[in-house]
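Engineer: The annotation transit peptide is assigned in Swiss-Prot to 1-50. Residues or ranges marked as S-adenosyl-L-methionine binding site by Swiss-Prot on the basis of similarity to another entry: Asn108, Asn110, Asp134, Gln136, His166.
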Amino acid sequence: MAAGFFQAEMSILSSTLARSYSLPIRKTLMTFDFRIAMQRNPCLRIRRSCVAAFSSTPSHSRNFPIRGLEDVFVGYLFGRKKATEVAHVVWEQVIQKGDTVIDATCGNGNDTLAMLKMVMHDSVGCGGYVYAMDIQKDAIESTSSLLDQAVGSKEKECVKLFNLCHSKMGEIVPENARVRMVAFNLGYLPGGNKSIITLSDTTLSALKAAERILKPGGLISLVVYIGHPGGREELEVVEAFGSGLPVSDWICCKFQMLNRPLAPVLVFMFKREN
């Protein structure tokens, strides 16, 4: 049996997910327990087969609706993948070449680099832009250093770095920019000063800014770390914000381990293309 189970709370389950596990769609906040899925899906029920599936076979089986998510999701279910890896695969389903995206808490730069690779045109180098910001100067320097090591100077020009609080994102993006995604890692800088953390009030301001600038078909992605003082309160703010978004325009969900209370929580808010 897996070390932890997910609980996904959704304002509306997508039709593809509902079809995959034969679940009803309800216009209410509902709980999706993957223990039910494990009973209904042979791959999830047999751990040995699952491990073989995500370690040696190509992703996107005929029975799984989202390309690439099967491997990383089952890996996360069995403790072999990180929450950020799940987030990255979800991003790949949304971000297109040439898009404008925002890394609202760039930290050590790993998310920024992943976004850059998703928005760059292979033939022309740039095309898209990543606006990366962090309130800590050390984080900006770490991100810049990682980019220097990983990409060329031309590609690095596609990243705009800002030593600012994430609540200021509306001030750094050009007025005519259509933002495809805004991503957050909420908590403290890995390897940095643990007393410097993201705060509930500034995170709420940042979410409101993201809601305003995000284009239809865009995504707000959050990995919320809750093992530090203030982390759970910040998660509650994120949950309240997502729960308050209109169902007609947004699909909001949360993935959380049930028996690991300090594990990071994944939250996705997808803006519908009406």
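Cβ atoms are placed via backbone N, Cα and C, with glycine included.
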Engineer: Would you measure the largest Cα separation among Asn108, Asn110, Asp134, Gln136, His166 for the S-adenosyl-L-methionine site and round it to whole Å?
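Structural biologist: Between the most distant Cα atoms of the S-adenosyl-L-methionine site, 17 Å.
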Engineer: So if I measure Cβ to Cβ from Asp134 (S-adenosyl-L-methionine binding site) and keep only same-chain residues at least 6 apart in sequence, which ones fall under 8 Å?
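Structural biologist: The list for Asp134 (S-adenosyl-L-methionine binding site) reads Thr105, Cys106, Gly107, Ile140, Thr143, Phe162, Asn163, Leu164, His166, Leu189, given in order along the sequence.
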Engineer: If you count Cβ atoms within 10 Å of the Cβ of Asn110 (S-adenosyl-L-methionine binding site), leaving out that atom itself, what do you get?
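Structural biologist: A 10 Å sphere around the Cβ of Asn110 (S-adenosyl-L-methionine binding site) contains 18 other Cβ atoms.
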Engineer: Please classify the secondary structure at Asp134 (S-adenosyl-L-methionine binding site) using three-state DSSP.
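Structural biologist: Its secondary structure by DSSP: coil.
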Engineer: Tell me whether Asn108 (S-adenosyl-L-methionine binding site) sits in a helix, a strand or coil according to DSSP.
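Structural biologist: DSSP assigns Asn108 (S-adenosyl-L-methionine binding site) to coil.
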Engineer: I'd like the number of other C-beta atoms within 10 A of the C-beta of Asn108 (S-adenosyl-L-methionine binding site), please.
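Structural biologist: For Asn108 (S-adenosyl-L-methionine binding site), the count of other Cβ atoms within 10 Å is 20.
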Engineer: Hey, what's the Cβ neighbour count for Gln136 (S-adenosyl-L-methionine binding site) at 10 Å?
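Structural biologist: Excluding its own Cβ, Gln136 (S-adenosyl-L-methionine binding site) sees 17 Cβ atoms within 10 Å.
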